[in-house]
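As recorded in TrEMBL, the features of this protein are as follows:
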- G97, T98, F124, D209, E210, I211, Q212, T267: pyridoxal 5'-phosphate binding site (BINDING)
- R127, S266: substrate binding site (BINDING)
- K238: N6-(pyridoxal phosphate)lysine (MOD_RES)
Amino acid sequence: MARIARYYREYGVRIVRGYMQYLWDDQGRRYLDCNTNHGVAFLGHANPYIAEAVRRQLEEVWAVPLNFSTPARERFISAFSRLLPSKFGVVFLQNTGTEAVETAIKMAKKITRRRTVVAFTNSFHGRTLGSLSITWNEAYRKAFEPLYPYVKFGKFNVAAEVEKLVDEDVCCVVVEPIQGEGGVNPATPDFLRALREVTAEKNALLIFDEIQTGFGRTGAVWAFQKYGVEPDLFTAGKALGGGLPIGVVIAREDYGDVFEPGEHGSTFAGNSVVMAAAAAASELLLKEDVPARAEAMGEELAKALAEHGSRIGLRVKGMGLMRGLELRVKADQFIQQLLSKGVLALTAGMNVLRFLPPYSITREDVELIRSAVSEVLRSPS
Ligand SMILES: *Cc1c(COP(=O)(O)O)cnc(C)c1O
């Protein structure tokens, strides 16, 4: 029998079931999921409302190319439109986050007829060759160089350097409003405003990568709404599919015809089952006021993380239900210990414990996180 290639750390746990914020292993042990498949299961595992939409769609049709219209895509665009500020009139469908980032870069190149992409220190934008080119972490890129050569990295959150970074050859500036993978680092309002000004002045596109921050997690539907700075394009993915794979680029209406037929495409894009899930997820987001719940529970979570009472924990970062606890030591040593206490978490950067729980977590769940984190940080490892 073949084996599945390994390039991830193995936790030695076999997950057999999930419901909302919990997962269960084959021993019947329950875990509070603050990993959520890197933020994907933000609306919970097997959320009944989304599951029902998927179940119904499974009886209808699954695979229909974008040449045809389908009820699933109609339901999606009608629900998703209600989540978009009015300036954004067009959505490009893809299957993953990295594919959405690739699409956004292609759009910027074609719209501006320029080639240089500006990204920032500690950025993460994906793992395919184009998006990897604008991802900062050496450990992800080194083995695959040379990558796309026309990339400049600026210093994240250094507004004073933005002016000289964007010249006449820059097609776009790509930035995460809150860096996820790179350490749960919120952008400063000044930094995003400076990027907005200089890109407008130089006719380059401002692209926000909201694949991790978007779809309610930070307490607004889109993190940029908390800053009051609007991009020209932005990407979304992860939570948007309600657990199924999706990536999208959202753009101003006038960019809608950027690609000629044949110039861009993706076989699985707009798959009916995925569309049904993303439509239901979008409906649910409004119906249950998910951003407001993320904001409220995010405050509870931040307070709990700040109460760990250990000397190695420094400070809590992030917004809503995207939170990091910065440590004085490497964070990955604590992931397995937290798991053994029934809490799944992630790292971000070298020394940040990252929590990306579903919107449905309760005060009781937050109490479990608090006690697990303080026990783990206190025990000598
Ligand atoms: C996860 C992520 C991506 C890549 O998405 P995939 O679906 O893994 O390809 C890109 N940008 C950000 C900010 C992400 O968090």
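Even glycines carry a Cβ here, placed using N, Cα and C.
Any TrEMBL annotation is an automated prediction that lacks curation.
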Distance, K238 (N6-(pyridoxal phosphate)lysine) to Q212 (pyridoxal 5'-phosphate binding site) (CA atoms, angstrom): 6
Candidates R127, K238, S266 (recorded positions) - the one closest to G97 (pyridoxal 5'-phosphate binding site) by CA: K238
Secondary structure at D209 (pyridoxal 5'-phosphate binding site), reduced by DSSP to three states: strand
F124, R127, D209, S266, T267 screened against the residue listed as 'N6-(pyridoxal phosphate)lysine', Cα within 10 Å - retained binding-site residues: none
Residues that sit under 8 angstroms from T267 (pyridoxal 5'-phosphate binding site) by C-beta distance, when 6+ apart in the chain: P65
Annotated binding-site residues G97, T98, Q212, S266, T267, filtered by Cβ under 6 Å to ligand 1: G97, T98, Q212
From D209, E210, I211, the binding-site residues whose CA lies within 10 Å of that of R127 (substrate binding site): none
Residue, out of the recorded positions R127, Q212, K238, whose Cβ gathers the largest set of other Cβ atoms within 10 Å: Q212
Cα-Cα distance, maximum over G97, T98, F124, D209, E210, I211, Q212, T267, record's pyridoxal 5'-phosphate binders, Å: 25
